[in-house]
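Reading through the structure tokens given below for one structure.
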Amino acid sequence: MEKEDLKIVNKGLDDEMELSGYRLCRWKLVLVGFCGLCTGGFLFLVLYWMPEWCVKATCTRTTVRDADVALLRSTDEFKRWFRARIRIMLAPGKDPYDNLASQTASPQASDHTHNPSDSASEKISRNPEDQHKRYFTLHSTKYFWNDSIQNFEVLTGLEDLSMTCASIHSKHSAGLNKNQQEYRRFFFGLNEIDVKVPSLFKLLIKEVLNPFYIFQLFSVILWCTDEYYYYAMAIVIMSVISIATSLYTIKKQYVMLHDMVATHSTVRVTVYRGENETEEALSTDLVPGDVIVIPSNGTVMPCDAVLVCGTCIVNESMLTGESVPVTKTDLPNPQRDKKGGDGDVIYSTEEHKRHTLFCGTNVIQTRYYTGEMVKAVVVRTGFSTAKGQLIRSILYPKPTDFKLYRDAYLFLLCLVAVASIVFVYSLVMKIINEEPVKDIIVKSLDIITITVPPALPAAMTAGIVYAQRRLKKVGIFSISPQRINICGQLNLVCFDKTGTLTEDGLDMWGIQRAEDVFVSCMATCHSLTKIEGQLSGDPLDLKMFEAIGWILVESTEEETAHHDRIELTYVKPPNQLLPPTVTSPEQDLESYMIGIVRQFSFSSALQRMSVVVRQIGQRRMDAYLKGAPEVVASLCKKETVPEDFAEVLEDYTKQGFRVIALAHRRLESKLTFHKVQNINRDQIEKNMDFLGLIIMQNKLKTETPGVLEDLRRANIRTVMVTGTEKITSVSTLSFERIHGALSDLKLCRIFLFTYFVGMCGDGANDCGVRDLKILLSSSFHKTSCFLRVSHMLFLHREGRAALITSFCVFKFMALYSIIQCLSVALLYSIGSNLGDFQFLFIDMAIILLIVFTMSLNSAWKELVAQRPPSGLVSGPLLFSVLTQILICLGFQIMAFFLIQKLDWYSEPDDVNTTLFFVSSFQYLIVAIVFSKGKPFRQPSYKNCKDEPFSKKSECSLHCLHSSQIVCVPLSWRLSVMGIVLGNTLVSVFIEEGVDMFGTKCLSWLCCRQKKVPKARYMHLAQELSVDPDWPPKPKSTTEAKPTAHPDDCSYQIEAIS
């Protein structure tokens, strides 16, 4: 690609691409059309398969700004090419966020259709000053030309404006008028995730134009020309069945995905128009900047929106897989703080997810206050939403980057090279024999068709299909069956801790109490709520609250409608915990009730949460804080933290306990209810009094030690990815031999990009790597709600068995092609060839029978330290294939020359019969040789009880009839059996020798011992093994230091060397 006008779109993202511009060229189009007709349409097929060639063959290079066609190439390791047609639409502005309050024109575009429900008065005529807006669409995403940056860009939503939290409240909380909404809709389109279901005709054309089926079509035509009608008809029937099955599966998947997305995709919403005016509209009309009212009875979110008023209880299991409802609060507004609005930050859906309602999530219930509605500003719509991006990843997945599949194409090219040699040999022999030109061309091309066996795709997937069935029996389902093979190469497994390696919930083990208000903190500092009368929330909060036996009281909808934004949630002790002096009058009981005035939600970045509360009957309020011990201690006054705090904390964490610290602060009397609603949390979470520690116990599952030990023996690295404090995480699993705990994003990415990684549980969420496509956790799921670590052993074993099966089948299919090529080439030299029924018998009765039988081997009963090879292009594997080719060639040539020296030899059919029987046994021999059992698969003899093809094979033998097969003397039959027996012994002996000594011999010949390992993690390990400073030894201690402000009594924990 030329560099002078090369643009980068989606820079820094997973779908980053290089973009270059082209303009259609008429004379090139005419020339390509003429050449395509001259080649019988083959050129059109090549250009269809190669988008880069198509664009360069029909267009000339130009600037991106003036281009008619965009040629894009992904910058990842796959380097995929895409082409897109650049279109033009008319709009009265350059930017979707232009202020159109005074505009009287509405944009129009050829590709946009208005909602039929819109009235004619709402559609304004075109303005003569409308501007041309250039764009193209790729993978359900529109890219618009931006003059300021001289490049195409994606309009995702309000985040394009880099808004601050304060600006969302001040500039976007009033909503849009109809004119602005209509204008923005031309840029963002309708708010819908449209999964189009292709017609059967389109799917058929796409499937038929696959290179494999084009090759099959060429082969069938060639066979019919050579009068192989029965064989051609059988291949056509097989291909039709394969295409029909594939079309049915693809169509069904599209329909299922469409139905899943269409559910709740179009709902009625209430749009806020400012000054308390609302109107009903369809969710498809929403655009970024609209303000919607969340109904009190809940709804399924049709877009991504940020809460600006009110509170919502949301079930986000569709996105996160966590069934525990979460509380979403309104976005903080720093400008409401009278001290100047410090702490204002740029809004981000990821950073402010506690205040963002995501598309597809279910809002269970809301809370609203006097004169206010629960409102949210639409941030993203359509495919830009969280749900839309998930659907896009399903519709347009990245190719599976696995060495086996890359090597498979290289291996096929090697077979084509071998076939080319035989092709030249056959061509020369037929010219020497002075055969007709037609026979020379047809017979020589027939050699090429033998190279790619018709049953190759079915053969390569057979092992995966059988492995998938065996996984289903233990309740493991795969949505990406090809990844089963990748399981066979895993050398690192990352486990989530809570609920995966350990039990699902935490148990209260004890407390370290320092203050009397400790219980009040446990009763109020949480995010629990009631859904249909049942307590719901974070499991840790539930355990903590249930341990003290208090009661949570929430106001009803009728009560919230008559109250302001304070004290809508109360907690109170049960009657049996009250002092004996308290009687039943309500005024006495109310003095023990505590109202939650404001809640600062838990932040994983801050590692804490806090609440502001007021006890009934008192004017001053209190603040309670809960979080990681080190963080809480750093926010407390130094004199309130026990001197042995660090020692006690280390003691508990080393025992594997989960430790939570609590703190309290008596707030100033000048803080009123309304001031608390507008104050920044930094003003609350300081100068706290340390209360004590809550010690939670998270027990290991009974099966965890055994599973980890099995993985260790198999030389598979085990790592725990968790958000829990590191010392606690490591201590939980240190006699279990787990290698470490990861909660840092950079470390996670290093591991994930240098190993073959499998992830068990949702630990990827803790380290922020949910977007990585190599993770196996997204490809396998359990029907049961309980995840078991033992399922990783099933995946490992079945993955290794499926991978070895793929190698065995591919090696067998390669030998099958070469053996048949050799037989045909030898027969060509005497003017003969295999007959129609002979080819049919070999492919149907022998090859299919062997392929599906050798794929039945189940996984070996235990994992071993030895790992299967990762690719076909490896020394031992290629040496194995090469030696078997030479052995088969040698014994075929032996039989070929021996029979021609016998006295009774009279016709070429005698040689045909001999080579047919020898080659037929050679297929069986190489199948036996390549079908290895231990240490990755069960032995092949166990397949006898599951063999469904034996009767069919017997029937096929009786049905075999070919004019080329003749009766030969008994003595020669015995000689043929001797040749076959000798072939078997030599093949088995050589293959065993390759398995035992092949790798060592090749390493010695190639001096591989001195080579640097290719894998990055192995290279790093080699360097660290000779590094005298590794591993680093701890040389620091933890000390408390006061802050720089003299009026601030808190201190910070620091590591001192």
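Positions of Cβ are set from backbone N, Cα and C atoms, glycine also.
Model, not experiment: these values are computed from the prediction.
Taken from TrEMBL, the feature compositional bias 'Polar residues' applies to 100-110.
The domain 'P5B-type ATPase N-terminal' annotation in TrEMBL covers 14-146.
Averaged across the domain 'Cation-transporting P-type ATPase N-terminal' (161-223), pLDDT in this predicted model comes to 87. Annotation comment: TrEMBL describes 161-223 as domain 'Cation-transporting P-type ATPase N-terminal'.
Feature annotation from TrEMBL assigns domain 'P-type ATPase A' to 267-394.
If you look up TrEMBL, you'll see 98-126 (among others) marked as region 'Disordered'.
What TrEMBL records for 325-344 (among others) is region 'Disordered'.
Per TrEMBL, the feature region 'Disordered' maps to 1028-1047 (among others).
Here TrEMBL flags 29-50 (among others) as transmembrane segment.
If you look up TrEMBL, you'll see 228-250 (among others) marked as transmembrane segment.
Within the chain carrying the transmembrane segment (408-427), a Cβ under 8 angstroms from the stretch's Cβ atoms is held by residues 440, 443-445, 447-448, 450-452, 460, 810, 814, 817-818, 821-822, 824-825, 828, 872-873, all 6 or more beyond its ends. Feature annotation from TrEMBL assigns transmembrane segment to 408-427 (among others).
Using a Cβ-Cβ cut-off under 8 Å and counting only residues 6 or more beyond its ends in the same chain, the transmembrane segment (447-467) has close neighbours at 212, 215-216, 218-219, 222-223, 235, 238-239, 242, 408, 412, 415-416, 418-420, 422-423, 426, 481-482, 484-485, 798-799, 801-802, 805-806, 809-810, 812-813, 816-817, 820-821, 824-825, 843, 847-848, 851-852, 855-856, 858-859. Among the features that TrEMBL reports, transmembrane segment is placed at 447-467 (among others).
Only residues 6 or more beyond the boundaries of the transmembrane segment (801-831), in the same chain, are considered here, and those with a CB under 8 A from a CB of the stretch are 404, 408, 411, 415, 418-419, 422, 425-426, 429-430, 433, 435, 443, 446-447, 450-453, 455-456, 459-460, 462-464, 466-467, 484-485, 487-489, 842, 847, 850-851, 854-855, 857-860, 868-869, 872, 877, 880-881, 884-885, 888-889, 892-893, 896, 908, 911-912, 915-916, 919, 922-923, 926-927, 930-932, 936-937. The transmembrane segment annotation in TrEMBL covers 801-831 (among others).
Residues annotated as transmembrane segment in TrEMBL: 837-856 (among others).
Annotation comment: TrEMBL describes 877-899 (among others) as transmembrane segment.
Nonlocal intrachain contacts for the transmembrane segment (911-930), taken as residues 6+ away from its ends with a CB within less than 8 angstroms of a stretch CB, comprise 808, 811-812, 815-816, 819-820, 822-823, 826-827, 830, 832-835, 838, 842, 846-847, 850, 853-854, 884, 888, 891-892, 895-896, 899-900, 940, 964-966, 968, 972, 976, 979-980, 983-984, 987-988, 991. What TrEMBL records for 911-930 (among others) is transmembrane segment.
Of the ranges 29-50, 837-856, 877-899, the one with the most Cβ pairs under 8 Å to the transmembrane segment (228-250) is 837-856. Beyond its flanks by at least six residues, the transmembrane segment (29-50) meets 57-58, 81, 209, 211, 214 of its own chain at Cβ-Cβ distances under 8 Å.
Counting residues of the domain 'Cation-transporting P-type ATPase N-terminal' (161-223) by DSSP class, helix then strand then coil, yields 41 helix, 1 strand, 21 coil.
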